């Protein structure tokens, strides 16, 4: 099969030029031919001998790509956030706004990123050869992905620590009497509604063995008075973090050929464990009460704006658009791969997984409520408190608790690893495609990236590391990633053009996206993203962790981290504008015209300066 592909680096012609014969609006790519050969299921793309570019690596099998995308999208948030959001926002009624936002915004953005990466075969930065002024968006998402790696790997290290601690007949969070326990440690069997009173939820009680193991045994939080007093890294977590970094390096060092094989384990294991936990969970006493609470339908909650806001933010962060990962993964696909089908399949799998995980979670929460004779609302929670305190405590009361604990933390470990692999691949691919010297030394560059995340993660494994981690989690990938994806949607749909983007998709798959997708890309998705950005800013509150309130300077540091990535977008526009020689018109024209159409600028034929470009759908 022969594919005609072109991306000539045409130098701006500042002088006058004789008019050339009229050319079609979207010239075909006619430069180097890429010969596609199938060898034992591995596709090789061989450039013509005139090209100096190295052949781009491709996925060994289609399933490697699908598992990588699913593994990245399905992460810890599917387990520790969605079920609780569904419960507190009207149960089954929450699925209405959630599904609506999935259809009108989540899937279109997912589809857009896969198609963008697959057609251009570039990472998050160099993919913006379609509109050079927007390359700063690529650098922004790469930096955000790097920030996330600083703290996300620490959560994986916690999971590994818990996994190691589970290999004992008596789980260390089962009872009091350990060196880390406080004098206030209380046997969970003694806790019920009458003991806790009306103002203390069981999920907020800090003196259970499980809560003290997490905060005092693992984090050593009691030895820190705040973010100004974080102390030194803890050697146990340091060793776990080192193991995580080594695993990530050897999963990524040879590119998608190695990571595509690792995800066969990390992406499938969570489904096996989730199924086993679900089957066992529904047999426990009180499980039906938990599931009923999870699925209860309260349509009146849909009148509240917070329900719609929670649905919008959850669908965005759950699918993982905007981190450069989907672009990087898709760039290693075959040119004619059906990324439309992939987008529908993988985004649906992600959302269905979130929903199904709720049954496994709330069956256990129902069991806990039954055991302690409290209401479901007293044990329902989200985040780290759910997966590192409540769920482990529930597991410790089951027959064969060691087996269930090992299984559960293996699932968390797998969920974290393939998501972290995706984020690091976005950084590595994004920068390696932009700087060829990094691509030629991928193994060394991968080592540098993983070690850099390790070094900065050291701040998060100190005795006050949870304060640093919470700050990074709030600011590094909050408003900044929403802003970056908004700019991405505008760059593709408006400056590059939905019609031109649709023609690219037709070249790959033989059919153009329907009117629905084009309308979503041009109007609905940008409006959705703008809504979420505005809401995230309006709803911002000074940072807290439980009862601890961060000092004002910490919030300023957080906003500085957020702005450090966002500022790259306008900064690159200014840099590019100043680096282009020519008149004001020429500078703007070259900045918003795809690189393979720069020759049209010399002919004064710039689509973006014509009204029909902005009206096209």
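Glycine too: its Cβ is placed from the backbone N, Cα and C atoms.
The feature transmembrane segment, as given by Swiss-Prot for the ranges 377-402, 403-428, sits at 403-428.
With respect to the membrane, Swiss-Prot annotates residue 57 and residue 439 as residing on a common side. Per Swiss-Prot, the Na(+) 2 site holds 73, 78, 318; the candidate it also names there, chosen from 120, 289, 292, 350, is 350. The transmembrane segment (307-332) shares the most Cβ pairs under 8 Å with 93-116, out of the stretches 63-88, 93-116, 234-254, 339-362. Ranked by Cα separation from residue 176 (disulfide bond), the binding-site residues 75, 145, 317 are led by 75. In this record, dopamine 1 is bound by 75, 145, 317; the longest C-alpha to C-alpha distance in that set is 15 Å. Contacts between the transmembrane segment (403-428) and the transmembrane segment (339-362): absent, as fewer than 3 C-beta pairs lie under 8 angstroms at sequence separation of six or more.
Of all the Cβ atoms in the protein chains shown, 19 others lie within 10 Å of the Cβ of residue 317 (dopamine 1 binding site). Cβ-based neighbour count (10 Å, all protein chains) for residue 75 (dopamine 1 binding site) stands at 26. Recorded stretches compared: 136-166, 234-254, 523-545; the one with the most Cβ pairs under 8 Å to the transmembrane segment (93-116) is 523-545.
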